[in-house]
Structure formats: C-alpha cells, structure tokens
Amino acid sequence: MLAAKIESARQANMINGGVGPSQGAWQAPPPPQPPPYQQAQAAPPRVTVQTGTGLAVRPETRALVALSYPFWPLALLALLDSKGSYFVRRQAWQALGFNFGMWGFGAVLGGIASLPILGASAWPLLPFIVPVWIVASIVYGFRVWNGEDVNVPIVGDWVDARLPESRQAVQ
C-alpha cells in the first residue's frame with residue numbers, strides 16, 4: 001500500500017512529454033577567467049567623525065542654546081548659567097549677535113530705502129530679510145542642537161576675539 005502511494009505521488013509530479021536528447025555532447029562550462037589586470041586601487045578614504053564639544057553639553061542646555069537662534073531672549077537665559085561651558089557661552093553670544101545683526105541690517109536697508117535716489121536699490125532687498133533670517137536661524141538652531149560648533153560668518157569672528165578662552169582653544 002505504501003508503495004502504491006509513492007508511485008502515485010511520483011506520477012502526479014511528472015509532466016507528460018519530455019525533453020529529447022540535445023544536439024551534440026555535453027561539455028563542461030569554461031573555467032572562470034581572471035579579471036583583467038587592474039592597478040592596485042588606493043585605499044578608500046578614511047571616514048573621520050568629528051565629535052563636537054556640543055555633544056558633551058547636556059541635551060537640555062543644547063536645546064536652550066539652539067532655540068536662542070530663533071528666539072533671542074533665550075540666549076540671555078543661557079548666558080545666566082554659571083556652569084555654562086565655553087560652547088554654551090559662544091553659541092549664546094553668536095545667537096545674540098546674529099539676531100541683532102539681522103535687525104541692524106534690516107534697519108540700514110530700511111534707512112537706505114527711504115532715501116530718494118539710493119532707495120531704488122534697497123527696496124528689492126527688503127522683502128528678503130525676514131525669510132533669510134527665519135531660514136538661517138532654523139539652520140543654525142538645528143546644527144547647534146546636533147552638537148556642531150556653529151560659526152556665524154561675521155559674528156563668530158567678533159565673538160572669538162572677545163571670549164577669553166577662544167585664544168586658548170585656537171592654539
């Protein structure tokens with residue numbers, strides 16, 4: 001009985017018909033060819049991850065300093081921290097300088113726009129001040145939140161010249 005079940009199972013899986021003998025004799029596939037001669041490739045560049053000093057700061061403090069770019073009064077609050085590290089003080093001063101610099105730039109452009117002849121050159125730039133400020137403050141905020149040491153172009157040099165520890169950090 002078991003033999004009959006095995007035989008019926010074998011016949012159910014068989015396909016009617018078949019493949020006839022192939023033309024010619026069977027040959028083994030050719031051995032794989034070695035790849036063409038290549039010059040020794042240079043080692044891939046090493047990936048170095050620079051850990052910023054901001055990663056050593058508590059996440060709450062980093063968030064406070066990051067939010068001080070779009071909301072400048074928070075930078076004053078960050079400066080009141082007596083245990084604030086160099087990173088926190090530098091980013092807080094940069095946030096204040098960035099915000100007051102953008103406000104001053106807008107005031108200068110507004111003043112130039114009110115002049116009779118020079119105003120024609122300043123009027124097209126006035127609508128772009130607020131969007132540039134919003135985008136830049138969000139970008140700087142996210143970078144500080146991720147622990148990067150952000151350097152605002154003009155303000156960063158000014159802050160580095162005035163913070164006492166900046167001279168020691170450069171050397």
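Placement of Cβ uses the backbone N, Cα and C atoms for every residue, glycine included.
Automatic prediction, not curation, is the source of TrEMBL annotations.
Among the features that TrEMBL reports, region 'Disordered' is placed at 19-44. Among the features that TrEMBL reports, compositional bias 'Pro residues' is placed at 28-37. Residues annotated as transmembrane segment in TrEMBL: 92-115, 121-142.
For the compositional bias 'Pro residues' (28-37), the DSSP-based tally of helix, strand and coil residues reads 0 helix, 0 strand, 10 coil. Beyond its flanks by at least six residues, the transmembrane segment (121-142) meets 66-70, 94-95, 98-99, 102, 105-106, 109-110, 112-113, 150, 152 of its own chain at Cβ-Cβ distances under 8 Å.
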